[in-house]
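K.L.:
For reference, TrEMBL lists these features for the protein:
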BINDING   Gln274, Tyr301, Glu324, Asp372  S-adenosyl-L-methionine binding site
ACT_SITE  Cys445  active site, nucleophile
Amino acid sequence: MALSLFAFAAQPSQLIKSRETKTQSSLTPLSVSANPNSSPACALQCQHFDSCSGCTHQWNLHRPVVLDEVTEFFRDSGVSDFTFDTCRLWGWRCRAKLAVRGSSDKPLVGLYEEGTHNVVDIPSCRAHHPNINAAVELLKQGRFSLEAYCFQAFLFLLLAVSFILELMAVTLHNTSLPWSERYRSGRVQITLVWNSRSENSPSSDKLNALAQFLWRSGGPSSYVHLVHSVWANFQTSSSNIIFGNRWRHLLGERDFWEHVGGIDVALAPSSFGQANTRAFDSLLRKLHTYVPYGTSVTDLYAGAGVIGLSLAVARKCRSVKCVEINKEAKASFEKTISRLPESIDSSISWHQADTSNEPLSWLEGSDVVVVDPPRKGLDPPLLDALQTIASSERKAQLSESSSLKEKNEKRPWILRAREAAVQIESKTTWEKSSSLPQTLIYISCGWESFKEDCNSLLSSKAWHLEKAHGFNFFPGTQSIEILAVFKRGQGTSKKKKKTSKKKSKQQS
């Protein structure tokens, strides 16, 4: 049976290992070594590389193979000052999804070998936060309770460093400590995905025995306090769907907190969370600089609202509207807003809705829209609404007021979506606006889909690309995280600016 350690982020185990492409070119404005053999300090140096499917290249971790293409794409799109943050190169993964095979005498915990269900044991993974590896070793020590039945279950370990280990997950929440100490003191939240209907099933004694062993050996009474909490998820499906709908907290702290973007964030085991916490924090702080103080923001594909809420605090937004299709994110959102500063003066709402249904209704009244779609990119109806935003704005100006349109709206699915599942009113009464956003901030984890969406937006002439930054969220893989800032209109090309300067000189 399979135990699975999981991460809420793109899964490197799904990447296909290929021969490394060792590019030799410079990156403006960054200065990096071109020869992989000349930079051993940036090499993976992992003993599992040849057999593990998690990483696709082991040289120049600070420079993903796709980086040259990305730089050239943005240069051709008018952004010559594209920057790339190399981020932490080892021990960066704070959430891990791992499969478990083997026997009670020799359990294997790691990733599937490419194209098979054979598990490659990776006890010394260089990408994992060290406490994830420690939690895996602790799990293996509990093999006396991992009898044949248990190997038909899944194991979900997240690392969260208070950094705390969760599912395996690590939280960097303890802000009283410097980053380096928070990193070292991380604890692990472990979720066991169990092949039974509930905690009352016949196999529950084995589940409880394993949970008790993990808590006794890694909890607060142990020599090293490694385990933050233990959870169970019950899943009886034989499909590739990992999680069932039933979650149970077994031992340890119930709430899992992270500190990113300047706020405390609550993440349930069922919530999506970035695997590279520190890189995500860097991205958020860069994003903040592109949102003016006091603006209205719509956060689409919002999840638990981390991006929107961090903007509400850092940029003192007039309003923040978070839209997310997954209802499981609501509980995390509610806990997170409970820790926002009392001084915050912003109208904040969270809506469970599909952004592909009437997307223009979510854009209305916002100065800035932030999108953080899944790897496939923007939903077509939303992309279409962004491409035609100028004509929609003209029509809105000629039509009746927004308040009257809302009053006449009768479609139940629209009315349900507009009704906020969570609402915090601002202390200040702000005048309602029906304007459409002038700034689009696009966060992408899928480079190919981003290129398509970007070209569509630019070709529509409704938007121009103003800034772009890359982040090394998954060192050792071909992935790159993009933060792109679009502004309304076609913009002014640099060539035109130079020409106009020449003319002005000639006239003078």
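Backbone N, Cα and C atoms are what each Cβ position is placed from, and that goes for glycine too.
Since this is a predicted model, take the numbers as computed values, not measurements.
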K.L.:
Looking only at Glu324, Asp372, which of these binding-site residues has the biggest number of Cβ atoms within 10 Å around its Cβ?
P.N.:
Glu324
K.L.:
Rounded to a whole number, how many Å is the Cα of Tyr301 (S-adenosyl-L-methionine binding site) away from the Cα of the residue listed as 'active site, nucleophile'?
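P.N.:
Distance (Cα to Cα, whole Å): 13 Å.
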K.L.:
Do any of Gln274, Glu324, Asp372 (binding-site residues) have a CA within 10 A of Cys445 (active site, nucleophile), and if so which?
P.N.:
Asp372
K.L.:
With the S-adenosyl-L-methionine site defined by the record as Gln274, Tyr301, Glu324, Asp372, how many Å span the farthest pair of C-alpha atoms?
P.N.:
16
K.L.:
Ten-angstrom check, please: count other Cβ atoms within 10 Å of the Cβ of Cys445 (active site, nucleophile), all chains counted.
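P.N.:
Taking every protein chain into account, the count is 21.
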K.L.:
So among the binding-site residues Gln274, Tyr301, who's got the most Cβ atoms within 10 Å?
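P.N.:
Neighbour-count leader: Gln274.
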K.L.:
With the S-adenosyl-L-methionine site defined by Gln274, Tyr301, Glu324, Asp372, which remaining residues of that chain have Cβ atoms positioned within 8 Å of the Cβ centroid?
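P.N.:
Filtered neighbour residues, in order: Phe272, Asp299, Ala302, Gly303, Val306, Ile307, Pro373, Ile443.
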